[in-house]
Amino acid sequence: MSLLIKKVTIANAGQDEIQLADVWIENGTIKQIGQDLKTSAEREIDGQGKVLLPGMYDMHVHLREPGAEVKETIASGTEAAINGGITGLVMMPNTTPCIDSAAIVRTIREIAAEDSRIPLQIAGSITKGRAGVELSGVDGMRKLGVKMLTDDPSPVADPSVLMRAMEYASELGLFFASHCATPELQNDRAINHGEISYQLGIKGTPACGEEMCIDRDIRLAQHAGAHVHIQHVSTAAGVEIIRQWKARGASVSAEVTPHHLMFDESCIGNYDTNFKVCPPLRLRDDCEALLAGLNDGTIDVIATDHAPHTPFEKLQDFMTAPNGIIGLETALISLFDRFVSEGKLSWSTLAASFSANPRKLMGEAPAVIAEGEAANLVLFDPAGETTFSAANFKSNSQNTPFIDQTLKGAVELVVLGDKTLKA
Amino acid sequence: MIRKDLLDIESLSRAEIEELLDQAVPFKDLFTRSVKKVPALKGKTVLNLFYEPSTRTLSSFEVAAKRLSADVTNFDVPHSSVVKGESVKDTIDTLQSMRTDYIIVRNKLSGLPGVIARETKASVINAGDGQHAHPTQALLDGFTFREVFPQTDGRRILIVGDILHSRVARSTTNLMRKIGVEVAWLGPGPLVPKHGPKGVRRFTNYEEAMAWAPDVVYLLRVQMERQDVQYFPSLREYHKLYGVTTERFKQIEDNGTYIMHPGPVNRGVELCDAVMDYSKSLINTQVENGIAARMAVLYSLKPGTSEDSAS
């Protein structure tokens, strides 16, 4: 592959000044960056008005293979990622069977080697069958490349089980990701406890249940000497707890989803199941605290919690419909539409939280747009627009609040190594 | 009123509510005649789809539909069966194929009638969905209230009991507020929501609530079957703190306060025996008015129209 992108705006993590230059990519490597480059590149793209970003990295994805391939497969999910400008991801262990042993990790690796055009990491479960009782086959999974353990989308309810798991597996070099919730307070209802849950007559999940568990899991990790990554924080007090623990030097990182940044409980309206997510959408003040936490570095990572479900399932009543929405294809564009284009989030912070930071946590090589670096990049057109119609999705599912909406921004080109993944 | 479905009170305007209440008046007059039937819905089919056991509401709807000359079918849902999500969509498809004109649904899932309404051309009437809504109960309550107080604006109703889990409390609160009645709630702390509609007073002390001088005290039924999770220590303590005890009944009589209750009552819990014979108890009137109110709803809805009250 041989490509020259002319006069493009370059966005990297940690670089606040905007660099406008030509970028020459040759044989999978960024060969040269400079003004008015004269090159032998076979293809030339006018980059004026466009932004060149490092490939995004999503460390919280539910691929449904094996077990629920009608919702998503490794092939469809990774193609959806590419479509949304994501060049690497971590899949969660709640497949059927659950990812709790070397055997299942091996199977998935084999499928991914055939079906995925992007690197895919596999998160192992903390407990067998994510049942919260016996520890999974940790070392076998580690030998096959598993770095992170989580029982997502469940917490490990019994703190003694989590403590033992942390004491054991952190010695083997693994770290933990926590879906924070207190089951006794949760009632299995993905709706915030408050005005909307009252109106709709559904028992809500109070914010304090999630916040207690965030604090609990960081304390347990501190005790065990483990690193814990707090998944999809949804409340202002949750952000504050993480901020305080970071100030005390705890080994903790945290993520937020695009939907928790953008939507609040009022979006559910009259039982719209495309806003049924777990943890639930909270209040407008929580959205703002999450964005502030992302901007001040308390929250390290943006991750989608991509959760595909069939139209049949989501068309059921709100209480019966499953939790979750898809995000791989909508994340970057909606983050641009809602925040970057409004000046509420910089390209640099976006590149840090949606590329550099999760790659670092997962032990991946960084994606940087600089001379000599491997090509891992996304050309984004802020002047373009994207319509999220069913036909435009690569995902097998379309359960998203953005269905049939047109948002500002478009992913024009995705390059990974010497391959153009999306052109 | 151009409306296919009746799913909740929230989406109704005051004018629509009053139209329905006005419509119930001639139907109630009908009950005193020897022939209690009108041909309004002759040739129409009404399907009762009750997933939860109910005798009172089911009979009330059945009588209402028959007095309008509709054909009534009770879809046989075993009382013991818990509706699995998977089967709901299939059930709706089956019902759609039967081409009934009205579907009256009761289900433990909040919001389910809206899903059925979305998927079928029939008029869907919510006869109680989970903890969400019970709009015909609210209409009969409003009708009963208006019979006693024709000018509703500025009147006061105190709703007592398990507000949190009660679809009756939700719908009746909404309706009363829409017709200008001030609403207050009284009950044990965990059962009186802190996130209710703005403007609803929240009491957890009986004496304070009565000092607010309500025109009507509306007692909710204590759901005995819900006592697996403890929200208050005992029924005895509930009666002492929130029930109309013999001593408190004297005050109610002295003040001339009316009593309402959606039934069936638990004597010695929500109220003492004496209340049942009280001249200002509207409990039996509510039952009678329920038929008239439900006739008004069946009469007013427009099956097969494109307007959708779910939106």
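Glycine is treated like the rest: Cβ placed from N, Cα and C.
TrEMBL does not curate its annotations; it predicts them automatically.
Bear in mind that the values here come from a model prediction, so they are computed numbers and not experimental data.
In TrEMBL this protein carries:
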type	residues	note
BINDING	B:ARG56, B:THR57, B:ARG106, B:HIS134, B:GLN137, B:GLY263, B:PRO264	carbamoyl phosphate binding site
BINDING	B:LYS84, B:ARG167, B:ARG221	L-aspartate binding site
DOMAIN	B:4-147	domain 'Aspartate/ornithine carbamoyltransferase carbamoyl-P binding'
DOMAIN	B:154-300	domain 'Aspartate/ornithine carbamoyltransferase Asp/Orn-binding'
Restricting to the chain of B:GLN137 (carbamoyl phosphate binding site) and a gap of 6 or more, list residues whose Cβ falls under 8 Å of its Cβ, or answer none.
B:THR57, B:GLY128, B:ARG167, B:VAL168, B:SER171, B:THR172, B:PRO262, B:GLY290
DSSP residue counts for the domain 'Aspartate/ornithine carbamoyltransferase Asp/Orn-binding' (B:154-300), split into helix, strand and coil:
64 helix, 24 strand, 59 coil
State the Cα to Cα distance, in Å, between B:GLY263 (carbamoyl phosphate binding site) and B:ARG221 (L-aspartate binding site), rounded to an integer.
7
Within the domain 'Aspartate/ornithine carbamoyltransferase carbamoyl-P binding' (B:4-147), how many residues are helix, strand or coil going by DSSP?
64 helix, 25 strand, 55 coil
Among the binding-site residues listed here, B:ARG56, B:ARG106, B:HIS134, B:ARG167, B:ARG221, which has the most company in the form of other Cβ atoms within 10 Å of its Cβ?
B:HIS134
Given the binding-site residues B:GLY263, B:PRO264, which one has the fewest other C-beta atoms within 10 angstroms of its C-beta?
B:PRO264
What subset of the binding-site residues B:ARG56, B:ARG106, B:HIS134 lies within 10 angstroms of B:ARG221 (L-aspartate binding site), using C-alpha positions?
none
Candidates from B:ARG56, B:ARG167, B:ARG221, B:GLY263 close to chain A, where binding-site residues are judged by Cβ under 8 Å:
B:ARG167
Count the other Cβ atoms sitting within 10 Å of the Cβ of B:THR57 (carbamoyl phosphate binding site), across every protein chain shown.
22
Any further residue of that chain within 8 Å (Cβ to the Cβ centroid of B:ARG56, B:THR57, B:ARG106, B:HIS134, B:GLN137, B:GLY263, B:PRO264) of the recorded carbamoyl phosphate site:
B:SER54, B:SER60, B:ALA127, B:GLY128, B:VAL168, B:PRO262, B:GLY290
